[in-house]
Amino acid sequence: MTDVQETQKGALKEIQAFIRSRTSYDVLPTSFRLIVFDVTLFVKTSLSLLTLNNIVSAPLWDSEANKFAGLLTMADFVNVIKYYYQSSSFPEAIAEIDKFRLLGLREVERKIGAIPPETIYVHPMHSLMDACLAMSKSRARRIPLIDVDGETGSEMIVSVLTQYRILKFISMNCKETAMLRVPLNQMTIGTWSNLATASMETKVYDVIKMLAEKNISAVPIVNSEGTLLNVYESVDVMHLIQDGDYSNLDLSVGEALLKRPANFDGVHTCRATDRLDGIFDAIKHSRVHRLFVVDENLKLEGILSLADILNYIIYDKTTTPGVPEQTDNFESAV
């Protein structure tokens, strides 16, 4: 093992200790807004509310059972579109979507053979490591924080924790991230083969099928030579159908990208020789959802997701969940 590798190994242990010593609640900003949807809400209405509030997910609440009922994400809309787009009568399918309620989402997943997401959550005052491990085990990109009233036993939705917020919290509070200097191509991290890609001419619906079948949140857009041009994300689908115009799904990716909002976070790239210290610095200063690994000619070589980074950080023999220490000397990830 080289000195750089030895240093990185020691840094990982320090970062893991930091994660175990903090709670999920510590990651939350001082003030924030939480939007919760009742499961009786129409899918069409929920889509409009997500767009209006510029959010991509929301906790679900079953008011009849008085308990947390899961998390609404872009994957749910992708599954609904795939299910109804396969209908023999497209006009009837569109009319049915308009009458569809959130409580029917699990039935849609069953019919298209999609794996239903686990209704997982963690207590906000438990170790942040518990949240990281739960997200990794379920392959979730975010996890709800649920408290329970000690007297009534009623569940209370506190917030939703995302991979990005956790990694930004680490980047802001762990100086050890500057010691992660092993190049990506010398680490077991990321996806480097069998990449799902599309071209500017690919129909949006074909990209939606990729998103649903591969359980991914984005598809890189490349040209005939494999050069990275753009990315089509599941959130782009939300903006495309927000007005109820499902005919937009027949557009090409190139046409659909012209309808993308101006606040798009951009396409983040890196090289195979880049290191996690620089990537954590990027996460600290920019809203990064994933990084596309490219060569000097921008030819796509691999994809590094936030899940890849978080899993690399937490998976070690020292990742046993611990009892958080009570410390206030850190910054929340706003």
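Cβ from N, Cα, C; glycine included.
Taken from Swiss-Prot, the feature domain 'CBS 1' covers 29-89, and the record attributes it to sequence analysis. The ADP 1 binding site feature in Swiss-Prot is assigned to Ile35, Arg142, Thr162, Gln163, Tyr164, Arg165, Arg287, Val288, His289. If you look up Swiss-Prot, you'll see 115-177 marked as domain 'CBS 2'. What Swiss-Prot records for Arg141, Thr191, Ala196, Ser217, Ala218, Ser305, Leu306, Ala307, Asp308 is AMP binding site. Residues or ranges marked as ATP binding site by Swiss-Prot on the basis of experimental evidence: Arg141, Thr191, Ala196, Ser217, Ala218, Arg290, Ile303, Leu304, Ser305, Leu306, Ala307, Asp308. Among the features that Swiss-Prot reports, ADP 2 binding site is placed at Arg141, Thr191, Ala196, Ser217, Ala218, Ser305, Leu306, Ala307, Asp308, with the record citing experimental evidence. Positions annotated as domain 'CBS 3' by Swiss-Prot, on the basis of sequence analysis: 187-247. Taken from Swiss-Prot, the feature domain 'CBS 4' applies to 262-319, supported by sequence analysis.
Locations of recorded Swiss-Prot features on the structure.
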{"residue": "Ile35", "record": "ADP 1 binding site", "Cβ neighbours (10 Å)": "14"}
{"residue": "Arg141", "record": "AMP binding site", "Cβ neighbours (10 Å)": "21"}
{"residue": "Thr162", "record": "ADP 1 binding site", "Cβ neighbours (10 Å)": "20"}
{"residue": "Tyr164", "record": "ADP 1 binding site", "Cβ neighbours (10 Å)": "18"}
{"residue": "Ala196", "record": "AMP binding site", "Cβ neighbours (10 Å)": "15"}
{"residue": "Arg287", "record": "ADP 1 binding site", "Cβ neighbours (10 Å)": "11"}
{"residue": "His289", "record": "ADP 1 binding site", "Cβ neighbours (10 Å)": "19"}
{"residue": "Ser305", "record": "ATP binding site", "Cβ neighbours (10 Å)": "19"}
{"residue": "Leu306", "record": "AMP binding site", "Cβ neighbours (10 Å)": "19"}
{"residue": "Asp308", "record": "AMP binding site", "Cβ neighbours (10 Å)": "20"}
Below 8 Å Cβ to Cβ and six or more residues apart, same chain only. Which residues does that give for Ala307 (ATP binding site)?
Met135, Ser136, Arg139, Arg141, Gln163
C-alpha of Ala196 (AMP binding site) to C-alpha of Ile35 (ADP 1 binding site): distance in Å?
33
Filter the binding-site residues Ala218, Ile303, Leu306, Asp308 down to those whose C-alpha lies within 10 angstroms of the C-alpha of Tyr164 (ADP 1 binding site); answer none if the list is empty.
Leu306
Three-state secondary structure, Leu306 (AMP binding site) (per DSSP):
helix
Look over the recorded stretches 29-89, 115-177, 262-319 and say which has the most C-beta pairs under 8 A to the domain 'CBS 3' (187-247).
262-319
Rounded to the nearest angstrom, how far is the Cα of Arg287 (ADP 1 binding site) from the Cα of Asp308 (AMP binding site)?
16
Do any residues at least six apart in sequence from Ala218 (AMP binding site), in the same chain, have a Cβ closer than 8 Å to its Cβ, and if so which, in order?
Leu211, Val231, Tyr232, Glu233, Ser234, His289, Arg290
Rounded to the nearest Å, what's the C-alpha distance separating Thr162 (ADP 1 binding site) and Leu306 (AMP binding site)? Just drop the number here, would you?
10
With Cβ-Cβ distance below 8 Å and at least 6 positions apart along the chain, what are the contacts of Ile303 (ATP binding site)? List them in sequence order.
Gly190, Thr191, Leu195, Pro220, Arg290, Leu291, Phe292, Val293
Diameter of the AMP binding set by C-alpha atoms, the set being Arg141, Thr191, Ala196, Ser217, Ala218, Ser305, Leu306, Ala307, Asp308, in angstrom:
19
